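What follows is a short report on a single structure.
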């Protein structure tokens with residue numbers, strides 16, 4: 001019971017850290033890009049990952065966690081995939097309207113469900129699917145304003161969806177199958193993610209903004225906001241791996257849409273962004289969907305834990321029966337239960 005409570009507290013802590021850090025970095029980056037005129041999002045992300053790696057390296061030296069080597073080929077491919085997915089998401093935003101970009105982000109959940117169902121044989125109940133549908137409808141109403149399609153933008157969005165889904169599924173699968181923590185996996189893969197974005201970032205940003213990141217004039221306040229963004233990003237990157245490892249890629253995406261709703265609300269409250277009755281209605285519907293998803297997941301997990309506990313009890317009874325029986329009965333049971341030999 002104590003272990004279960006500790007695990008639940010760990011999940012709640014990871015979710016809270018993810019929401020708080022993600023909303024904070026959105027507000028800081030919005031001020032950096034919109035108000036201070038620094039539009040180089042992909043390059044900034046590469047700096048985030050480099051600072052994350054350096055911070056984790058210091059933490060490793062101070063014995064805050066133990067490094068666990070992972071197959072280098074797996075780590076390199078995983079790091080490159082995650083770096084590429086970030087690049088595709090930024091390109092998708094650059095070549096599409098805001099509305100179509102939001103549709104791209106919404107499509108990640110059903111595509112993740114599809115991939116996990118086909119390749120990992122994971123079962124999603126009708127109740128879970130219904131709650132996800134309600135959530136997506138709500139976020140769509142709140143955030144999608146226009147849908148302008150073009151061929152290049154559509155292809156980039158499809159690539160962004162595929163690479164993001166596969167990357168998040170692998171984040172969960174690698175941690176569980178190789179028995180590595182979120183910190184260990186992030187420490188191993190961050191240099192490769194950073195390398196991909198450090199090389200491609202300036203090119204992607206120049207393609208999107210028609211400006212050169214190296215020719216930009218860095219004022220002290222811009223440098224201060226970049227540093228603040230990088231420090232918050234350490235928490236964002238850490239909590240991302242932590243949440244996916246402790247829950248699932250789908251739950252992480254649900255959490256991401258909660259962040260979208262909070263960003264809309266904070267944007268209206270702090271930055272005085274336009275806010276309509278449609279935004280309010282969409283956020284309320286999304287909150288209902290999140291509530292249903294949380295309730296159904298909790299209910300199904302309790303049923304599963306109850307079934308596992310019952311199965312363990314039955315196995316325990318079977319294991320103890322031979323010790324209570326006489327020698328003749330023990331021999332007879334051994335013949336019938338070869339798995340206990």
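Backbone N, Cα and C define each Cβ position, glycine as well.
Annotated in TrEMBL:
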- 331-341: compositional bias 'Basic and acidic residues' (COMPBIAS)
- 21-294: domain 'Sugar phosphate transporter' (DOMAIN)
- 304-341: region 'Disordered' (REGION)
- 38-60: transmembrane segment (TRANSMEM)
- 72-93: transmembrane segment (TRANSMEM)
- 127-145: transmembrane segment (TRANSMEM)
- 151-170: transmembrane segment (TRANSMEM)
- 221-244: transmembrane segment (TRANSMEM)
- 278-296: transmembrane segment (TRANSMEM)
Quiz prompt | For the transmembrane segment (127-145), distant same-chain residues with Cβ under 8 A (at least six beyond the ends) | solution = 98-99, 102-103, 106, 109-110, 113, 250, 254, 257, 260-261, 264, 278-279, 281-290, 292-293, 295-297, 300
Quiz item: Quick one: do the transmembrane segment (221-244) and the transmembrane segment (38-60) reach 3+ CB pairs under 8 Å, ignoring pairs fewer than 6 apart in sequence?
Solution: yes
Self-check item: Chain residues in Cβ proximity to the transmembrane segment (278-296) (below 8 Å; excluding those fewer than six residues from its ends, i.e. six or more beyond)
Solution: 125, 127-128, 130-143, 254, 257-258, 261, 264-265, 268
Self-check item: Integer average pLDDT (0 to 100) for the domain 'Sugar phosphate transporter' (21-294)
Solution: 91
